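Asks: One structure is given below, represented as structure tokens, and several questions about it will come after.
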Amino acid sequence: MSQSDFSTKIESFDSEKKPQVGHVEYRDEAEARTGGEPHFKTSKLSNPLESLSRETLLRDVNSFAEKFNLQDVVTDLEHGALIAQRPTEFEDIPDLTEDEKDALRNEKEHKWSHPFAMYATIVLCSIGACVQGWDQTGSAGANLSFPTEFGIPIDNSSSPDYNKNNWIVGLVNSAPYISAFACSVWLADPFNHVFGRRGTLFFAAIFCIAAPLGSAFTHKWWELFICRLLLGLGVGFKEVTAPVLAAENAPTIIRGALVMSWQMWTAFGIFLGYSANLIVHDVGRIAWRLQLGSALIPAVPLLALVYLVPESPRWYLKRGKIEKAWESLLKLRKHRVLAARDLYYIYVQILQEREMVGNNNVFKRVCELFYKNRLRQATLASFVVMIAQQMCGINVISFFSSSIFQEVTGNVTQSMWASWGFGLINFLFAIPAFYTIDTFGRRSLLLFTFPNMFWTLLVAGLSYLITDGDAKLGMMATFIYLFTIFYSPGEGPVPFTYSAEVFPLSHREIGMAWAVTVNNFFAAVLSLTFFRMNAAMTTTGAFGFYAGLNLVAFVWIFLWVPETKQLSLEELDDVFSIPTHTFTKYQTSVWLPWFCKRYIRFDKSAELVDLLDYAHGTRPSDLREDGRFDNNKI
């Protein structure tokens, strides 16, 4: 089937006079008359089948089966489409057999009960996240010795080349992130289009094996720099593709948890990297080579397993390979009717996605991120949460903890153990995020944790002024660990989870590419500048600088990042269609006074105007003196 054939719409979409998905509409007549910015409507993607009659739906399914040579499974497809139309009411669908209903009940009651192929996908993507974390920490231990080995020492401030050497070591450390933001994140889309999710991960694994192996045999700093640039290609491909493969292979009921698990397994990879650094740190001059080279270890099973898991059925459908998509879903689901449901539902979603995107090329969709109101708000919010991950200072510790602790103690073994403790705490406290992120919300977690990250990082930096070596190490380690405890369930998992959900489907891939680019760009800036900053400002000054950035990030989050907890697609559209200046004014003139009245003055009569009500005209003046609404004004 050609791409043009596949883009043919289901006839019934035109048979009912409904607004086109992706159209713009004004909220009311007044807004239309005044030329207000239109609301970018995408909420119909919540279920494109729900408005169809039974007869129309079954006719469309039969046309689909006939067109793509699936007549032998047409009964499965009919039952699957009926379930997709009414997913919460399957008990009332008379066509379904008791066996099919049992499969649906089991999916709901035992959401982690899946075929081997689904578990293999989860394992593969978890390994991909571990590779991500290990790659970040391999250089942390190597920084203690490779500069001296290459004749660019950074431990002698009286050397005439001291400043230059600090910049060179920073450049080597930043290489993977330079490569990722400048190249591989954007190349991931065409690679995915041509080679599929598995093929792109295969290339990523090749780079993630070859680059650390090459790093272990380098003899010049620029050779190591080139190897780490190549590592960045693998990092970028994997960072974009692995979460997508997990999300596209997984049933809806566990998709959110898999997106969340990426950060947890990345933290586990960081812990494994520190463990490897600790194991080989005392083997002599080749220690740094083993520390850099050990990062290939998790990439080996990634390479070995990548073609043992099914390809994304969504990718097959986009390429017109319907029968292969069906075969893939049969491996990923426990019952044929579940596979049929997802096959047909993904198909109609892709049709609507293409209707929304139209003939827009990648460049135009990138531009739309910045000039369409609904998209611009999501772009700003994702930018803030992504840059905040670098501003908070966690990667100063993650990338350079061994060097920081070595400067404090002068003892390599002690610094390695202190770094190992950081990695362990980072992993353990990432686990509660599965509960906290949906219980307390993304925005609330960030607003709570950033002030606490500010004071813990500030005290950690001030601890450097202590003269007693053991006391200095104890204080710094304690407050770095406290800082990590606040980071791990908050700014750790939130950025990627948040960025994955705020963009409408038509711009989700390009929006996520933008968000990942922001994250990698500022990781490169941090890696490039930290050694020079630390030399000029000392550890106290550097930690104080990043502590201050925590407060800046807190203000940005307060002013520009809306809550997305448990919002439907329609509600997300409504929230992100609110202009930035309106949202900012709401936070400063409505939410903040309410918070002070309710939680500082302990006035239980205080009531909060809802954000959407405020955006549609309700103002603080609509409240009576007792803090309650004046219904005559609203």
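In case you wondered, yes, glycine gets a Cβ from its N, Cα and C as well.
No curator has checked TrEMBL annotations; they are predicted automatically.
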Asks: Tell me which range among 113-130, 473-490 TrEMBL lists as transmembrane segment.
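Replies: TrEMBL lists transmembrane segment for residues 473-490.
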Asks: With the transmembrane segment (417-437) as the reference, which stretch in 259-280, 286-309, 380-405, 543-561 has the largest tally of C-beta pairs below 8 Å?
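Replies: By the under-8 Å Cβ criterion, the transmembrane segment (417-437) pairs most with 259-280.
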Asks: Let me spell it out: take the transmembrane segment (286-309), skip the flanking residues so only those 6+ beyond its ends count, and list any with a Cβ under 8 Å from a Cβ in it.
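Replies: For the transmembrane segment (286-309), the nonlocal Cβ contacts are 117, 120-121, 123-124, 127-128, 130-131, 134-135, 138-139, 141-142, 144-146, 149, 198, 201-202, 204-206, 208-209, 212-213, 215-217, 224, 231, 234, 238, 245, 249, 269, 272-273, 276-277, 280.
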Asks: How about the transmembrane segment (444-467) with the transmembrane segment (167-188) - do they touch, taking at least 3 C-beta pairs under 8 Å (6 or more apart in sequence) as contact?
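Replies: Answer no: the transmembrane segment (444-467) and the transmembrane segment (167-188) share fewer than 3 Cβ pairs below 8 Å.
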Asks: Under 8 Å, at least three CB pairs between the transmembrane segment (380-405) and the transmembrane segment (200-217) (pairs 6 or more apart)?
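Replies: With fewer than 3 qualifying Cβ pairs, these stretches do not touch.
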